[in-house]
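So the structure is just underneath, and the comments pick up after that.
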Amino acid sequence: MNELFPIILDVSSYILILVLVALGLMIVFGMMGVINMAHGELFMIGAYVMVALQDVGLPFWAGILLAPVIVGFLGLLIEAALIRHIYLRPLDTILATWGLSIALKQLVVLTFGPESQSVTLPVDGSLEIGAFSYPLYRLILMASSVLLIGATFWLFTRTDFGLMARAVIARPATAATLGIDTRRMYRWSFVIGTALAGLAGALVAPIISVDPQMGLGYLVPGFLSILVGGAGPLAGVLVGGAVVGGVNNLLAVWISPVAAMITVYVIAILIIRLKPEGIMGGRRAK
Amino acid sequence: MAFLELRSLVKNFDGLRATDNFTLDIAEGSLNALVGPNGCGKSTLFNLITGVLTPDSGEIRFKGQNITRWPPHKIARLGIGRKFQVPAIFEELTVRENLIVAAKNKSQQEIIAEILAQINLTKDPDMLAGELAHGQKQWLEIGMLLAQAPSLILLDEPTAGMTGAETRATADLITRINRERGMTVLVIEHDMGFIEHLACPLHVMSKGQILKSGNFTEIRNDDEVKALYFGQTEAMANA
Amino acid sequence: MRNNLVALLIFAALAASPLVIGSYWTGQLTAYLVYGLLAISLSLVWGYGGILCFGQAMFFGIGGYIMAVLTKGMILPDLTSSYIGLLAAMAGAALFALALGYFLFAGRGISGAYLAIITLAITLVLERLMNNWYALGGYNGLLNVPPIKLTFFGASFELWDRLPTFYAVLGVVTVVYFGTSLLLKSAYGLKLTASRTHPDRLSSLGYSVLSIRLSVFALSAAIAGLAGAIFVTLDGFASPTLIGFTLSTEVLIWVAIGGKEMLLAAFLGAILTRTAESWLSEIFGNYWILILGLTFMVSVVLLPKGLLATPLEWLTKGKGKRSG
Amino acid sequence: MLDIHKLSAGYGEAMVLHDISCRIDPGQVTALMGRNGMGKTTLLKTIMGLIKARSGQIIFNGAPIEKQPTHLISRAGLGYVPQGREIFSDFTVAENLHLSQLGHNTGAVLPLEKIYDWFPILKERSEQRAGTFSGGQQQILAIARALIGKPSMLLLDEPTEGIQPSIVHEIGLQLRRIARETGLGILIVEQNVDMVRTLAEEVFFMENGAIQERCDIAALRQDDSLLHRYLSV
């Protein structure tokens with residue numbers, strides 16, 4: 001029991017981070033049909049914001065506030081300079097954002113060097129109940145992720161912005177004839193998606209090693225989560241993230257990380273092939 | 001046994017019944033037209049026959065074989081050719097290349113010059129198909145059918161977007177294809193002038209079923225058909 | 001006609017280049033030619049077949065490993081013929097592509113963005129697999145792969161020296177390039193264009209779109225496998241990087257920058273990008289990758305047909321005319 | 001107030017509208033008739049900016065709108081009820097209506113009470129999912145949704161398609177009432193002669209991407225040879 005509990009917590013915290021990353025990807029994919037291959041790098045930049053702020057001596061929590069703002073602003077620039085011109089050419093967005101991802105990665109290498117960096121834990125203690133002990137920051141991380149995921153769901157299902165966003169997803173042309181500025185909706189959705197990636201990166205920075213190559217390790221599982229869960233309803237991300245993240249982490253503990261990665265990818269590919277609309281159903285992407 | 005037999009075809013989309021126990025027989029060598037208002041299920045019917053869609057229930061037999069649930073390319077190989085509503089030509093290929101792709105065997109490729117003459121495109125066989133005028137695209141697609149040489153051809157609004165003269169020429173071409181090449185033809189149309197020119201049996205489709213069959217004059221003077229097009233109260237007032 | 005003329009001139013220039021560029025660069029250029037072959041294979045499947053494959057290096061790697069395993073005599077010690085190795089590499093890659101293609105395209109097949117993500121995931125899986133397949137050298141790969149041994153009527157010699165190797169590789173690339181161009185100009189090329197732009201229409205004419213897709217996928221894999229097989233003989237070793245993600249995305253960049261819808265542009269895209277990399281990475285150092293990423297991005301946005309394809313098209317076809 | 005001058009538009013290479021010109025005065029109810037494939041829907045979509053005009057001008061309330069994005073055209077006072085209704089079937093009725101209010105937040109919008117007053121059924125079922133509605137109810141919702149932005153002109157694309165005859169007549173009468181009460185101009189694409197006779201004051205006949213003939217409704221009531229000619233039924 002005491003051995004199982006930390007494993008469950010580890011798996012859950014990985015799933016939650018994966019869902020956060022996938023949620024940002026999915027907002028952009030669902031709204032604009034854009035596959036953002038640079039999403040992993042935006043996640044990475046979120047983590048590097050923490051590295052940079054630690055270097056100048058700003059407190060950790062300031063970083064958590066600043067990272068989504070900085071990465072979101074970067075998202076705004078990317079939308080205006082790049083995505084805006086090609087969002088009607090979905091396959092080209094894959095390539096163009098791939099170019100962007102290479103450039104961003106290298107920019108970080110040039111600024112921070114290729115070696116990995118670390119961010120100190122803001123909270124050092126552990127929660128101890130009897131024989132059970134678990135790092136406090138990981139619990140905070142999980143709680144914040146749950147909160148963020150909840151907030152994103154609330155934004156898209158309960159607010160006026162969400163109503164407009166869902167309308168633009170369902171029938172963009174009709175939404176425009178009702179006076180809704182679809183371009184603006186696309187832009188802000190992209191910003192929200194990137195800001196989420198930045199925040200996720202900032203939150204996990206203390207518990208992973210931060211390096212320029214870290215994006216890919218979240219990008220591909222993130223995409224697989226979306227496709228496995230189904231790109232239609234938002235809840236698909238939760239299911240997809242749980243399947244991909246859960247299987248991966250459990251197998252990594254029980255067998256080996258290599259076998260886990262191979263198994264989870266193969267399972268994901270099989271699900272996507274056999275059930276292209278995903279476990280939760282919904283429309284198939286263009 | 002009819003050439004093409006459609007038996008109680010049912011197809012639903014999200015609770016909307018596109019075809020509803022649709023039954024129709026088409027005799028070999030005949031020319032038939034299917035008319036009806038928008039959304040009555042005509043294009044769905046063609047998609048069912050050509051295997052693009054599979055029916056929820058019912059049966060399609062062609063030349064005595066049950067072809068229900070066959071994949072589209074096998075149905076095409078058995079001899080059913082189709083012209084789409086929006087001209088479905090290969091825009092990145094030239095006119096001649098379009099015909100070469102459509103003609104599967106050598107003997108058909110030899111008559112490409114003849115087909116070009118028939119569809120009035122002799123002058124520019126090496127033009128990119130995407131650069132043709134709209135009416136010419138429609139003709140090229142008919143030419144592709146000739147090259148494919150199926151025994152049954154399905155035409156979905158072959159005169160959409162054509163001028164009056166082009167429409168009449170198309171009607172003549174279709175009649176000739178039917179008579180001289182012995183191809184069985186089933187055509188969907190809105191344009192009653194075109195239908196009149198075809199002078200063939202007519203089936204009026206409404207809500208996924210055949211409402212009336214008959215010749216042009218009978219259909220034109222039928223009150224139910226008028227009601228379908230003009231609206232109920234008007235037809236009743238006229239009656 | 002003009003198309004072939006321009007290609008002939010370019011291949012003639014390549015053939016003459018060792019006279020000018022010296023021994024070191026001849027060796028480099030040999031490797032670039034092999035990358036060019038890989039680029040041709042991707043252009044065929046992506047630009048002509050409409051299948052965006054994010055994992056083209058898997059076929060390259062499979063070809064490379066098959067060649068290495070056979071010519072090192074790891075399976076049959078008596079059967080180490082280079083010819084058999086090359087053939088087996090092509091056949092092995094093609095068979096793998098057929099199986100994978102059937103899985104991907106049959107029935108309600110996968111296309112577009114989904115295909116890109118899935119091929120990317122598959123290539124990651126394969127790379128990880130090779131890293132841990134210790135019988136095949138694992139992370140370190142297979143060392144001491146022998147060079148290609150050519151046998152003519154009983155006489156045989158090994159391609160150790162740079163110049164003969166260069167010309168042998170150039171010969172293969174030339175044959176593949178012109179063979180593929182010829183094929184694309186035939187009725188098969190028409191069908192390929194038709195299946196890419198309007199698959200439903202093609203199946204309504206009685207063609208099986210699945211078999212067309214499978215055939216182009218397998219053919220492209222065979223060419224990539226051939227390239228991989230030649231490559232391992234040049235360096236003398238096969239490693240998991242051949243099969244993996246990095247090379248897959250690099251070849252994508254070369255082909256996109258060159259021009260995916262034109263074999264010649266894709267081929268030159270690979271050679272020129274690699275050449276530029278050798279020169280510019282010395283001048284710009286680490287900034288080179290940044291420049292490459294940005295160039296790739298800008299060329300996708302502004303010149304979706306490719307940086308090289310636009311001027312080449314103008315050269316080969318003249319203004320506004322189509323050579324057919 | 002809607003002045004179309006030498007407008008050409010189409011899809012890709014195929015031009016559907018050829019140098020079309022027409023003028024619709026404020027508060028006027030005009031029907032656009034013609035066979036399928038003659039460009040009626042294309043004309044409405046071009047007015048709404050859903051298809052870009054190749055050449056020519058569209059002047060609405062004195063301002064050219066042919067280069068404007070769709071949402072600004074909508075906010076300028078053009079309401080649009082598309083063919084097939086295109087309501088948001090996963091949203092409730094209230095959400096569908098609220099969405100349209102959000103699109104017009106810069107200007108004043110019609111209070112919901114007014115909408116519910118005109119179409120009581122929407123009030124009764126305001127919390128129901130729009131996808132569960134019948135065709136006629138969906139049509140009413142689509143019209144109400146377009147009216148919320150207080151348009152000065154309403155474009156209707158085949159509102160009677162797939163709807164029961166009794167409801168067709170009801171919708172026609174209600175639209176006429178609203179037009180008279182608010183001075184709303186209407187341009188309606190319609191094949192249903194009953195609807196046209198109930199609602200329209202003037203009829204344009206369209207063929208091959210151009211307006212071939214126009215007549216007032218009284219003339220049409222007397223003589224339907226035009227109907228036979230342009231609809232060929």
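In case you wondered, yes, glycine gets a Cβ from its N, Cα and C as well.
Values in this document were obtained by computation on a predicted structure and should not be read as measured data.
Residues or ranges marked as transmembrane segment by TrEMBL: A:12-38, A:58-82, A:94-114, A:134-156, A:186-210, A:222-245, A:251-274.
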Recorded stretch, among A:58-82, A:94-114, A:134-156, A:186-210, maximising Cβ pairs under 8 Å relative to the transmembrane segment (A:222-245): A:134-156
Same-chain residues near the transmembrane segment (A:94-114), Cβ under 8 Å, at least 6 residues beyond its ends: 34-42, 44-45, 48, 51-52, 78, 82-83, 86, 211-213, 215
Long-range environment of the transmembrane segment (A:12-38) - Cβ separation under 8 angstroms, sequence gap at least 6: 78, 83, 87, 90, 93-94, 97-98, 100-101, 104, 138, 141-142, 145-146, 148-149, 152, 156, 165, 168-169, 185-186, 189-190, 192-197, 199-200, 203-204, 215, 218-219, 221-223, 225-226, 231-232, 234, 236-238, 240-242, 244-246, 248-249, 285-286
Best-contacting stretch, by C-beta pairs under 8 Å, relative to the transmembrane segment (A:134-156) and drawn from A:58-82, A:186-210, A:251-274: A:186-210
Residues from the same chain, set at least six apart from the ends of the transmembrane segment (A:251-274), whose C-beta lies under 8 A from its own: 7, 10, 220-221, 224, 227-228, 243-244
